[in-house]
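What Swiss-Prot lists as active site, nucleophile is Cys317, and the listing cites sequence analysis. Residues or ranges marked as active site, proton acceptor by Swiss-Prot on the basis of sequence analysis: Glu351. The S-adenosyl-L-methionine binding site annotation in Swiss-Prot covers Gln183, Tyr211, Asn216, Glu232, Asp292.
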Amino acid sequence: MTFDSQAYAAQLEDKVTRLRDLLAPFDAPEPTVFDSPLQNFRLRAEFRLWREGGERHYAMFSQDDKRTPILIEEFPIASLRINQLMPQLKAAWQASAALSHKLFQVEFLTTLAGDAMITLCYHRPLDEHWHAAATKLATDLGVSIIGRSKGKREVLGLDYVVEKLDVGGRTFSYRQPEGAFTQPNGTVNQKMLNWAYEALGDRSDDLLELYCGNGNFTLPLATRVRKVLATEISKTSVNAALSNLAENAVDNVTLVRLSAEELTEALNEVRPFRRLHGIDLKSYEFGSVFVDPPRAGMDPDTCELTRRFDNILYISCNPETLAANIAQLHDTHRITRCALFDQFPWTHHMESGVLLTRR
């Protein structure tokens, strides 16, 4: 593909128009638009391996044809580090039966801070020959390597990468574990964090955060409020978030492993939860709620939960479900800020954000 700036501008304008049209029924202000680098923006990549001509090649498949591989030699949308590592890793497995035997998938995870991890997935047990070859490879490439085989995992180095992002004049450090969700476009993620930081503003009350992940938004937003109650259901993400809070000396956040639906029940005093033992929900003075839900958006009950807060800061990876949730809240809240974040250039996907305030 060609990375033409005019083509990119036209595609981005199409996304702006789509978001504008979806939010028009709610009298939304004009969205602030945060663009992306045209290439080398994607910090993670996953490839299947395909045998052809007696060699294994990086391969991907189109959405329309899962049978015919597209052989990949370079991947311009991926970070420069991934593009540097791809030929080095390929040369290594071509030279080593211990590395290449029954290797079927490769995953790269990198950061703006320069960290990198490679996951190698196999249809066989990992033996001492693999361990020796992979240990040398990790040293040669300056990366952590994780071997996966039939539910087992071997870690050479660390099982996370470290990202550093500047938000509100402060640098935050993030552990991003292997296998956990991370924002793929680091440059746009940093813009998104700064927008959310500015939109929330300095407050003297408390924040409720649903779907906090590894603490991507939690860390900077916690510096804007008295204290935060954050929820997440993934164990891996919860552990990463706790590490990130400690690493950044953010001590006003309580993290609970509850779903949004369970938290709704807890706040409505439907039933008690052991995981809330020792946490006095009545001690919180919530003025704002921050939500970053999955593509399906908020379920109706969670949407109703957010209605009780004066400010709803909402980051969405699906503008259609965002619009549906806003429609449910529109009688009590209005959109006061709106933004489009081009996390996924050269695709129809977009990330968007709104600040809803009580009428």
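Start at 1 and count along the chain as shown; that gives each residue its number.
In case you wondered, yes, glycine gets a Cβ from its N, Cα and C as well.
Locations of recorded Swiss-Prot features on the structure.
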| residue | record | Cβ within 10 Å |
| --- | --- | --- |
| Gln183 | S-adenosyl-L-methionine binding site | 25 |
| Tyr211 | S-adenosyl-L-methionine binding site | 22 |
| Asn216 | S-adenosyl-L-methionine binding site | 27 |
| Glu232 | S-adenosyl-L-methionine binding site | 25 |
| Asp292 | S-adenosyl-L-methionine binding site | 21 |
| Cys317 | active site, nucleophile | 19 |
| Glu351 | active site, proton acceptor | 24 |
| query | Between Glu351 (active site, proton acceptor) and Tyr211 (S-adenosyl-L-methionine binding site), how far is it from one CA atom to the other, in Å? | reply | 16
| task | Go through the binding-site residues Gln183, Asn216, Asp292 and tell me which ones have a CA within 10 A of the CA of Cys317 (active site, nucleophile). | result | Asp292
| Widest Cα span across the S-adenosyl-L-methionine binders Gln183, Tyr211, Asn216, Glu232, Asp292, in Å? | 16
| message | Give me the sequence-ordered set of same-chain residues, not including Gln183, Tyr211, Asn216, Glu232, Asp292, with a C-beta within 8 angstroms of the centroid of the S-adenosyl-L-methionine site's C-beta atoms. | response | Phe181, Cys212, Gly213, Asn214, Gly215, Phe217, Ser237, Ile315
| message | On the three-state reduction of DSSP, what should I expect for the residue listed as 'active site, proton acceptor'? | response | strand
| message | Can you tell me whether DSSP puts Asn216 (S-adenosyl-L-methionine binding site) in helix, strand or coil? | response | coil
